Amino acid sequence: MTPPLIDGKSFASGIRSRVASGVLALSARGITPGLAVVLVGEDPASAVYVRNKGVQTREVGMNSYEHKLEATTSQADLLALIARLNRDSDVHGILVQLPLPGHIDSDAVLNAIDPAKDVDGFHVINAGRLATGQKAMVPCTPLGCLMMLRDRLGDLSGLDALVIGRSNIVGKPMAQLLLAEGCTVTIAHSRSRNLPDLARRADILVAAVGRPEMVQGDWIKPGATVIDVGINRIERDGKPRLVGDVDFAAAAAVAGAITPVPGGVGPMTIACLLANTLTACCRANGLPEPEGLTA
Ligand SMILES: NC(=O)C1=CN([C@@H]2O[C@H](COP(=O)(O)OP(=O)(O)OC[C@H]3O[C@@H](n4cnc5c(N)ncnc54)[C@H](OP(=O)(O)O)[C@@H]3O)[C@@H](O)[C@H]2O)C=CC1
Ligand SMILES: Nc1nc(=O)c2c([nH]1)NC[C@@H]1CN(c3ccc(C(=O)N[C@@H](CCC(=O)O)C(=O)O)cc3)C=[N+]21
């Protein structure tokens, strides 16, 4: 039996139509949400993501401001651009595409963004708010994962969750969100022992590692919900392919539900970025927040 696939692509398109309705409602007040995306350097994957974000931003009726800077841009110049975007009342969300070139201190840059415009949720203030249960801007990838989990499982309280990966952009905020939902959360990483055994106990397994198909089918608890965040470009049979951190075919035979790569978490990430931008714009204007688009 093939288990139910979690279709992130169609879920994301549903989120985008709700965002588009919210944008339309704001237009009656003469307000258009604006998202500024800053790309430093010419990493080809980053350039593709930034282009996709721009297209989808305009599709939901928002303004997209794209800033492409040379790889050699100084940290001072980048900080000056962020200061300008912070002051610009047409800009409600600011995203600085990661990774940044090595000569730039990423934390210093992320923490220079006005927390109210920090639609990535990477500012230390937003990370702290999330960790302490205060209203925060929530990182887009974990937010998208949470929306799919809630949709599939309803109440998550009491479930055993394993998050593999402890990055600030995926693993840690994902664990915080699951904890807030009442899950019993385990966070695994490169130093963890007995990963397969930890995985076999998990009702919810989120893999955010960056290792192609590391999670094997026999690691999955029967009926578990598997969220595959990994985006790995590999070559198979001489052809370039995109695979996740989970051996999809093997896991799908055991899991209750599973996200594919591509077409799972990735599209949800961009949809949640747009949702966060709408939320930031509503907050900036003292208007009620869109329902069902926040954590
Ligand atoms: N779909 C989407 O929208 C997004 C996808 N991604 C993808 O998700 C993946 C993770 O991204 P990100 O969090 O930024 O990556 P990082 O490289 O920042 O973090 C990877 C994490 O995996 C852990 N890890 C590495 N090797 C192992 C191992 N053998 N066993 C267990 N844990 C291990 C690391 O442990 P340690 O801390 O000990 O080093 C680290 O915590 C990547 O494939 C990335 O491309 C990322 C963002 C968005
Ligand atoms: N400040 C910042 N915020 C981010 O959110 C951020 C970032 N930097 N740097 C890079 C990672 C990665 N990321 C993805 C977004 C969408 C897809 C996506 O749409 N993926 C498609 C496939 C796209 C393809 O074919 O390459 C899918 O999975 O179906 C993937 C990965 C956001 N990130």
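Cβ coordinates are placed from backbone N, Cα and C, and glycine is handled just like the others.
According to TrEMBL:
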- 6-120: domain 'Tetrahydrofolate dehydrogenase/cyclohydrolase catalytic' (DOMAIN)
- 139-283: domain 'Tetrahydrofolate dehydrogenase/cyclohydrolase NAD(P)-binding' (DOMAIN)
- Gly165, Arg166, Ser167, Ile231: NADP(+) binding site (BINDING)
Next item on the list: Measure from the Cβ of Arg166 (NADP(+) binding site) and count the other Cβ atoms within 10 Å, all protein chains considered.
Entry: 17
Next item on the list: Mind checking which of Gly165, Ser167, Ile231 has the fewest other CB atoms within 10 A of its CB? They're the binding-site residues.
Entry: Ser167
Notebook entry, point to check: Near ligand 2, which of the binding-site residues Gly165, Arg166, Ser167 are found, taking a Cβ distance under 6 A to any of its atoms?
Noted result: none
Checklist line | Whole-number Å value of the largest CA-CA distance among Gly165, Arg166, Ser167, Ile231, listed as NADP(+)-binding | finding: 16
Notebook entry, point to check: Taking DSSP three-state, what's Ile231 (NADP(+) binding site) in: helix, strand or coil?
Noted result: coil
